[in-house]
């Protein structure tokens, strides 16, 4: 088995009762990448991640984790932040991190040293001896995140890591994720907030209705939609509808239409010749958000 | 790292966490010292009862209405006979009265005496005395008869009983007494039962903690559920061992302060396999009883989703334990019967029954077999518990139960 892929899965499926929560998902996460799993609520993201980690067994399909067919065999090389956060409330922050490291095979002495370092770096040095129940929810979440990286995993799986964090802590988390990537870890995370995915992901998969709807880079995702052209003539009187593409729509003084396949130049040529002029022209690339809404929306229309 | 070593490491990590989380809390002190409360109350009760009894018995007397010469012989017989009684079983003090003109009336009057409470009064010729006795005075009357016999013998022999000077040597028997074995067997069964009754039930609620604070997801992702279950079981077993170790040491110290008579009673415990081996087997069977019952309770408790459900479970759990205990005791009373065999083989009662067997029979191989058999069941229960938990709580199993599969 080569090391090209940190995680692979094909045809993963899971039924809960009669409902197929995950219905044949394929995923391949390249080693060293930051990989996002995007999807609306209830799309099957968490179930997919739990199957990849071996917390639950899939009904169908194959998976491999860091080259192991049984994900459990690789468990010491994996860090995981579950969607439902949970720490022992009576534990001190440092002990919680040491404990999580120990579960993954890190010896306690090393764990303690690293826990203090990590807490210091995350700006939580003062809370090392505080019990978890005394910490705010966001702080506890950061502590749990530190606990999932203390053993320096090769693969870090984060389920909705940004939810529940304020913007400052979201920034910290992004920095931490990039830091882990720079250390050489592969990061797989799920989110339904596009902004984080857009900034962080090397590749992403969009899951909706238990199926994978898209796989590729952020650029590819945005490429699934055509760019929108917004044009404002200098002399509106001279713009005749036949000069513009048939699907152009007038919005006040502006015209808006999708970028034609042959490019914008022929249209501009016709407009200039007709003397309409150009007061303003913008080509808007679609955002990941729009691409996501369209990809997911198509699925909902189909359903 | 090999699979087994990793499993052990993971199990011990969980066990360590549970042990620390249980022991380093103020509540644990309350738990640890709970027996003190029991001891305190029973001491107070015993003291009170003793005091009440002392007050009453202080003034109780046995009365002999005899001539002065006979009175001396009576006193001598009393001194001699009294030596065979334990302190608190001694008969009441002896009072001798010189006979008046009507001894019968004098005897009746003795019961009305303002100075003491007569419980039995003797009068008349020594070979045919009359003894009046009051309520609960029958034994005192017998004692007076013994004194009269002594006094009469002395009189006939010329004033004094012959003197016997014995040479007393302590001797300890090599073979276990049969009575001692039986007693030891019952004690062993009761000991294992008593300890597990109080301690194994604690396991039932331990999974609830992880379920309520969602830590289970962290644990389930990092280590196999089997390690979680076994770790919790061992962690709580550690707590139990700490508890027993603490009280064992305390009681050991107290016992060394007790009068030697009491230590002699302990010496009467004579297990067939010999005391050191018996202690080892007792520890082994307590461990097994704890792990077996604990794993069953853990499995059941892990399915409960609220504290309320767990509290409801405590009654059936106690009943199961008492059931195992009675089954074992019935088996013990008929060694070799099918009932005894059932108790020895059925996994949940096996440790109790085999602890009894260790006291009554000196063969060692059945213990090796029994321990292996019990360990197998611990493994089975833990595996089953983990599987049920994975299926029911983590929602991993999605295959429908067989009774609903048809017509799907």
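Cβ coordinates are placed from backbone N, Cα and C, and glycine is handled just like the others.
All annotation found in TrEMBL is predicted automatically rather than curated by experts.
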According to TrEMBL, which listed range is transmembrane segment: B:165-185, B:312-332? B:312-332
Would you mind telling me which of B:121-147, B:229-255 TrEMBL tags as transmembrane segment? B:229-255
Using a Cβ cut-off of under 8 Å, list the residues of the same chain at least 6 residues beyond the transmembrane segment (B:312-332) that approach it. 185-186, 189-190, 193, 196-197, 200-201, 204, 293, 296-297, 300-301, 304, 339-344, 346, 348-349, 352-353, 356, 360
Taking a Cβ cut-off under 8 Å, which residues six or more beyond the ends of the transmembrane segment (B:187-208) line up next to it in the same chain? 18, 216, 232-233, 235-236, 239-240, 243-244, 269, 271, 278, 282, 285-286, 289-290, 293-295, 297-298, 300-302, 304, 306-307, 310, 313-314, 317-318, 321-322, 324-325, 328-329, 332, 351-353, 355-356, 358-359, 389
